[in-house]
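Participant: Sharing a structure below in structure tokens format, with a few things to ask.
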Protein chains: 2
Amino acid sequence: MEDEFAFISRISPNETKQHTLICGIGDDAAVYRSSSHMDEVICVDTMVEGVHFRRDTLSPFQIGKKGLAINISDLAAMGAIPAFYLVSIAIPPTWSESELMDIYKGMESVAKPFNMDLIGGDTVSISESLVLTVTVIGRVEQGQAKYRNQAKAGDVLFVTGYVGTSAAGLNLLLEKGLDGDFTEHEKKLITFHQEPSPHVKEGRLLLQATKRVALNDVSDGVASEANELAEASQARIIIDSEKLPIHESMKEFSRTQQLNWALFGGEDFVLIGTIAKERADQIAKQFSEHNARFHVIGFVEEGETGVFLKEGNAIKKLEKHGYNHFQKRG
Amino acid sequence: MEDEFAFISRISPNETKQHTLICGIGDDAAVYRSSSHMDEVICVDTMVEGVHFRRDTLSPFQIGKKGLAINISDLAAMGAIPAFYLVSIAIPPTWSESELMDIYKGMESVAKPFNMDLIGGDTVSISESLVLTVTVIGRVEQGQAKYRNQAKAGDVLFVTGYVGTSAAGLNLLLEKGLDGDFTEHEKKLITFHQEPSPHVKEGRLLLQATKRVALNDVSDGVASEANELAEASQARIIIDSEKLPIHESMKEFSRTQQLNWALFGGEDFVLIGTIAKERADQIAKQFSEHNARFHVIGFVEEGETGVFLKEGNAIKKLEKHGYNHFQKRG
């Protein structure tokens, strides 16, 4: 098994090389040179068959796309430029070689627009579930990486795209299967789930537009990610339920269902963050000029650390994974 | 599961910080700064329960040690200095939290002498086998990384330590189990298997001693690794069976058994390489001064690419995983 698939863990050619890569092909490690004015950003994510994806909701190609996209999304949330990736894959005997190739092709399709090179990896066998671990390396101007701990009272809370769409798509897939009969709206939602687009451009726009921005990506749902911002920044974040951007393809679902997916669904892989209120209009304009979305969905105020959902005049505390207790607006 | 163990994937404190690490704690990615005169070296390895280790041959602590050591060994084979590591682990319900902590402690015990920082990772659940994926980052002086493709006729072939000991130890463990009754010699062999020491010092000595060295680490056995050197360099490598360094603890085993483990056993994690013959004595002296082993075990000559085993006057072609056909010395 290990030799059989070794070739797909090797170096991918890259015509428009913008990253300096010096690599001993065939060796177990890759060597590359950093830019003198950039910091390196690295992260790793693992997807397990049956836990993070199922073969009846994602094709092998889409598994590859998603495996790389969720990692690039982590880079995007730091304001970084993707550069390289490494792929470690544990393969059970139930997967064919062509399915494996499709996983790699899926990753390549995500990597290509970012000129990312596949610079290494490991291929091993496993008895049961496929395990895909992707390591990505990106770069960001020295000292400019964006973190979650920068939220301040007076900020607005924003997201860079629709939320809840991925969860809606997953729900449809679980209901009808990959080959189900779907409406055009439903197909759109399914694509949101199956083929997320990491918001690298949005991260770079924010980095260039403002020095202080608290930033995170929406992998576990708006409630969870906003809570990470609140905890890291010791801030009180208010989400205005009416301002959550809900995609028109979700109009068939009840408002409660829409809100539930938007807040707790996850895997939207848009960015969520906070910036000074007085910068919001200008940044919204810049986003619009670059064909990117910028939705203000709430604000940061003085008070108890946490995330709170404003619905009309009522406000309730929003825990990471659900509504916990109600609280009158102070 | 993912939140429960998240804390162990976080930053480890490092008092004697020799690598510049700027990190947003709690974020999904780590940010670090490279040295301007160094290249970055990265590699990733995955160990699967039941495939690469078994709970009846390694303790959780030793699984951690090995998981990191095999990666550091890849860095050592490039002549690199280890700097950081990231740990992605898929955990089945059969593993307790304290066992998991022991895995991390095992890794920490290997990382500490090298001042390596744990800078990130991912912790996910899986139904069956534990999967441990470690990514390591090292550094090497610009343009100085060592590769496998540098072997030339006239070189000597060397290893930097005993070979076959790990396989002998594994054999004993499979025979008698972790709690078996072992002689002192057997215990030594078992330790070779359970707690390999990556040859970083040896890699650095070679890098500093000579510009041209073909280098690899012995993870899959001398025959396999020598074949990688031969293929990458298009060279003909002769191993002299009488020169293979066999540890005295293996004296109870037959010569055939010793040779079999030395050539095909693997997991010794010493370095194997070739250098110009005229440099060998000086390098052996330097190794000796630094309390390191340097054993010449063969040579490189003109002729058909491949690896050949010399036994007395007979010479046979040595395939990666076994003797394939016999051949008279040309």
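Cβ from N, Cα, C; glycine included.
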Participant: For the Mg(2+) 3 site that TrEMBL lists with B:Asp28, B:Asp217, give the additional residue from the candidates B:Asp74, B:Asp102, B:Asp155, B:Asp281.
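Facilitator: TrEMBL names B:Asp74 for this Mg(2+) 3 site.
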Participant: Based on TrEMBL, name the residue from B:Tyr32, B:Tyr104 that is recorded for the same ATP site as B:Gly121, B:Asp122, B:Arg148, B:Ser219.
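Facilitator: Between B:Tyr32, B:Tyr104, TrEMBL records just one in the ATP site with B:Gly121, B:Asp122, B:Arg148, B:Ser219, namely B:Tyr104.
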Participant: Between B:Ser219 (ATP binding site) and B:Asp74 (Mg(2+) 4 binding site), find the distance joining the two CA atoms and give it rounded to the nearest Å.
Facilitator: 9
Participant: Between B:Asp74 (Mg(2+) 4 binding site) and B:Arg148 (ATP binding site), find the distance joining the two CA atoms and give it rounded to the nearest Å.
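Facilitator: If we compare the Cα positions of B:Asp74 (Mg(2+) 4 binding site) and B:Arg148 (ATP binding site), the gap is 12 Å.
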Participant: Rounded to a whole number, how many Å is the Cα of B:Glu267 (substrate binding site) away from the Cα of B:Tyr104 (ATP binding site)?
Facilitator: 21
Participant: If we take B:Tyr104, B:Gly121, B:Asp122, B:Asp220, B:Glu267 as the binding-site residues, which have a Cβ under 8 Å from chain A?
Facilitator: B:Gly121, B:Asp122
Participant: According to DSSP, does B:Asp74 (Mg(2+) 4 binding site) sit in a helix, a strand, or coil?
Facilitator: helix
Participant: What Cα-Cα separation, expressed in whole Å, is found between B:Gly121 (ATP binding site) and B:Asp217 (Mg(2+) 3 binding site)?
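Facilitator: B:Asp217 (Mg(2+) 3 binding site) has its Cα 25 Å from the Cα of B:Gly121 (ATP binding site).
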Participant: Average the per-residue pLDDT over the domain 'PurM-like C-terminal' (B:152-305) and send me the rounded value.
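Facilitator: Result for the domain 'PurM-like C-terminal' (B:152-305): average pLDDT 95.
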